[in-house]
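Scroll down for the structure; my scribbles are underneath it.
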Amino acid sequence: MLLLLHLLGQVAAAERCPSSCPATCPPKPPTCAPGVRAVLDDCSCCLVCARQRGESCSVLLPCEESRGLFCDRRADPSAQTGICMAVEGDNCVFDGVIYQSGETFQPSCKYQCACQDGQVGCVPRCEEDLLLPQPDCPAPRKVKVPGECCEKWICDTKETGTLGGLQTLPAYRPEATLGVAVSDSSINCIEQTTEWSACSKSCGMGFSTRVTNRNPHCEMVKQTRLCMVRPCDQEHRQPTDKKGKKCLRSIKSLKAIHLQFENCTSLHTYKPRFCGICSDGRCCTPHNTKTIQVEFQCSPGQILKKPVMVIGTCTCHNNCPHSNSSFL
């Protein structure tokens, strides 16, 4: 029943949207509380901090759907605002405490966690940046600072272990294990994965990166994937969608093509989806993506397997990356 109300709320969102978006959106994405995502409002106007369970909501202030929340307007269906409620789901048990689906909590000062349908996910409250070894700092490491929760980087003259040239950072700490044995990293590890960064190029093949500890050693490593927002010959085309449309959100390749990067060509053909363009100053960028493994042939007999971004949906907005007109 709640799921049906949630779907009906999405369908009705268009009816509650203003006739035109606000004149200007903030030039930079909003700074949200730890663990809270910046999302595009339901009217596709601006990026806002997703509303959490128990907070007021509207089409311009949407709830965080990734946590199973929806804007409940059952008290007054004609109202413009509602309260963020959780779609029915299983509770979570974490360190002996029961949390409801959609509820957020902090097991320690370093992590913000959320319960969603029986599963607990956590994100770091401390910056999990990577400091790579340099000639003047061959072995960087983090140390505790008295009176502060988060650790700070220092340079150590004694070299420590590395993984593929990247300094590895254990993502688990004794104070965050909540009574679990430190020796068992598979249990002691709170998974942390950042969002993929924006593609390095507005057209043609580029790359994006993220940091994750999703590995058997629970160590923070940097991952890279190939990405293509749109072909370069599409950049300066005008939208040719249905009349009245100022934006063409996405375009799917009509014919199967080989993917290429540097001097390598994919062994198989694909029909990728690309982000479109706008004629009103907005830009279109990937909204939902996934990563697939693609085999490339770079020279006779040499085959490489590379992770590649696959676009599911794109969104058009005013928060253009780098304020670059080539994203329009």
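Start at 1 and count along the chain as shown; that gives each residue its number.
Each Cβ is built from the backbone N, Cα and C atoms, and glycine gets one as well.
Listed features, source TrEMBL:
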type	residues	note
DOMAIN	13-87	domain 'IGFBP N-terminal'
DOMAIN	90-156	domain 'VWFC'
DOMAIN	247-321	domain 'CTCK'
Secondary structure content, the domain 'VWFC' (90-156) (per DSSP, counts of residues): 0 helix, 35 strand, 32 coil
Secondary structure composition of the domain 'CTCK' (247-321) [DSSP: H/G/I, E/B, coil]: 1 helix, 53 strand, 21 coil
